[in-house]
Every structure is written in C-alpha cells, then in structure tokens.
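Asks: The structure's right below; bear with me while I get my questions together.
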Amino acid sequence: MFSMVTGFMNYSQQTIRAARYIGQSFVITLSHTNRLPITIQYPYEKSITSERFRGRIHFEFDKCIACEVCVRVCPIDLPVVDWRFERDIKKKQLLNYSIDFGVCIFCGNCVEYCPTNCLSMTEEYELSTSDRHEDYTIQTVMNSTQIKIDKDKPFDSRTITNY
C-alpha cells in the first residue's frame, strides 16, 4: 500500500511540474505577441544595408591606371585588365576592364588596395536575373557606361574560369 501512495505522489509531482512548464511556455509565447515583426516582405520592402556592405563592384574607367594591383590581390585572379603601352606618353592605356560577377566572391580586396580608388563597392545586392545566360556575362565598363559583352557567344567552362 505504501508503494501505491508513493507512486501516486510521484505522479502528482510530475503532473504539477509538467503543468508549470506548459504555463511558462505559454507566458513566453504571449510575451512575443506584443513585439513588432523582424522580417521584411522582400520584394516590396528593401533591407537597409550597412555602411561597409560589399555589394556589386563599381568601376570608373577614367581613373584606372592599369596597374593590375586588383588582379594581384584577388584570391581568384578574377579581374581581367587589358592595356597597351603608349610609347609617346610612356604610360599604360587601359583598353578593357572586366569582372565576372558569377565567379566573384565579393571579398573587397580589389577595392581596398586600388591606389586610384577607381573601384568601389555599391549597395546593390540584387544581381540575379531571370535569364540563365545573363548570370555569367562579363560586365565591362568603358567610358563610365556599363555594357555587356556579346551574349550570342556561348560560354564554356574554360572561358569562365580561366583568366
């Protein structure tokens, strides 16, 4: 008989403990009802980026001196800098500068080490497109206007990864 009373006491203690845990959980749930929502409705509301956000890289063609520091500090050797040496002025003349944003890891090394500050990180983070061929096109900047390289040329894996 004593074991039956002890079992009933253990059962009642466990029931009271379970009710207490359920009550505590309910109080926590009710405390969250007065809070404002944290999530944003993405397509309709844009998130505010921080001051040092590393978005799409902006390039100013006129400031570049074709020193290729950006290529040397890039962990994946991504920027492609085409230039020719002008003998009459004894300087490099930039012909073409391109970065493939499908491969870029947005580390910001090129922006940080650029001696002329011709590279900068923008707050643009929507780089995806609905056309799968646009994802791997190389963005080229000439005369401060952005144009895309011929999309009719097919890209293969060697073209995209070997620079």
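Placed from the backbone N, Cα and C atoms, the Cβ positions cover glycine too.
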Asks: Swiss-Prot has Cys104, Cys107, Cys110 down as binding [4Fe-4S] cluster 2; which of Cys74, Cys118 does it also list for that site?
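Replies: Swiss-Prot lists Cys104, Cys107, Cys110 binding [4Fe-4S] cluster 2, and from Cys74, Cys118 it also lists Cys74.
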Asks: Please tell me which one of the binding-site residues listed here (Cys74, Cys104, Cys107) sits closest to Cys114 ([4Fe-4S] cluster 1 binding site), measuring Cα to Cα?
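Replies: Closest recorded candidate to Cys114 ([4Fe-4S] cluster 1 binding site) by Cα: Cys74.
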Asks: Just name the most isolated of the binding-site residues Cys64, Cys104, going by other Cβ atoms within 10 Å of its Cβ.
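Replies: Across Cys64, Cys104, these binding-site residues, the one with fewest Cβ atoms within 10 Å is Cys104.
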Asks: By DSSP, how many residues in the domain '4Fe-4S ferredoxin-type 2' (95-124) are helix, how many strand, and how many coil?
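Replies: In the domain '4Fe-4S ferredoxin-type 2' (95-124), the DSSP-based counts are 5 helix, 8 strand, 17 coil.
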Asks: List the Cα distance (Å, whole number) between Cys110 ([4Fe-4S] cluster 2 binding site) and Cys67 ([4Fe-4S] cluster 1 binding site).
Replies: 12
Asks: Can you tell me the three-state DSSP label for Cys70 ([4Fe-4S] cluster 1 binding site)?
Replies: helix
Asks: Can you tell which of Cys70, Cys74 has the least company, meaning the fewest other C-beta atoms within 10 angstroms of its C-beta, among these binding-site residues?
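Replies: Selected from the binding-site residues Cys70, Cys74 on minimum Cβ neighbours within 10 Å: Cys74.
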